[in-house]
Ligand code: DP6
């Protein structure tokens, strides 16, 4: 989207804020999942996670400070935000205001091209874009690490969308003070070898989910007898994944990603009451991925808090994989994504 509003309008010399800023961020898909918090308020995760930021579905967010306003005003895709969505944005702005030592309310306009709440990481791109735009508008001079830490407070997965390509989000030390944990829990880029990956996304149902990922992960940690064993095995998954990424070994990357995701879904199925995001359409696509593999094409599935399936493969195989998924996805849509850029401020010309 081209912004008609410059990122920098009048500077407020006493505070150094730009008063208005626009940022763009892309969603990311975790190959090693974030599932479970150890601190809800600080959004500290139980496990490290690793993702690929996509080159599709950007979110563009503009933040404008308003000296005369009594409340924040938030629109998502042109409609006023309400309820939990509004509460989360206002709480995030409160955090930015506290750090900046400023009280101005803001007008936030966010354009999200990903279906919201469908397990396609809309909160990741949303809070990464909001973190970058709000920090600039309120005059906080933050590097990428600090922006990742800030984005985390809006939504855990947003910490990874601050970076492009592959990123790992460190859980931080389990012991120590809250301040130490807060400082250590941010994402950073992950080095990769010769890997030319694609994620083929089968959107099977773009409607909002019945149970939010926030609620589902809390219930899983609190009640699932499988949670601790999945969390314990996730560390080994991450180490194996990092080595495979460095070696450019897409087969191992895919195998580890698929087992980590299925394990996460197993923890939810064992929660009380169970959380099940997979639908018959999800299973049909998973069956199809198995067949693609049996036909000799390395392709591996991952799913998040929704029925949609993302299939990791080589970019060279993406067309073939997408064609097979189109057949299996019945009423769904299929699109091919590659590694995308990190979150960034848009300039005055909207680019
Ligand atoms: C299944 O980042 O949406 O997509 O921190 O509560 O906002 P909150 O959760 P969120 O959870 C994402 C969970 C996941 C796995 C992942 O992205 O790692």
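Note that Cβ sites are derived from N, Cα and C of the backbone, with glycine treated the same way.
Residues annotated as region 'Disordered' in TrEMBL: 1-21.
The feature domain 'Diphosphomevalonate decarboxylase-like N-terminal' is assigned by TrEMBL to 25-174. Across the domain 'Diphosphomevalonate decarboxylase-like N-terminal' (25-174), DSSP classifies residues as 49 helix, 43 strand, 58 coil.
Sorting the domain 'Mvd1 C-terminal' (200-327) by DSSP state (H, G, I as helix; E, B as strand; all else coil) yields 80 helix, 15 strand, 33 coil. The annotation domain 'Mvd1 C-terminal' is assigned in TrEMBL to 200-327.
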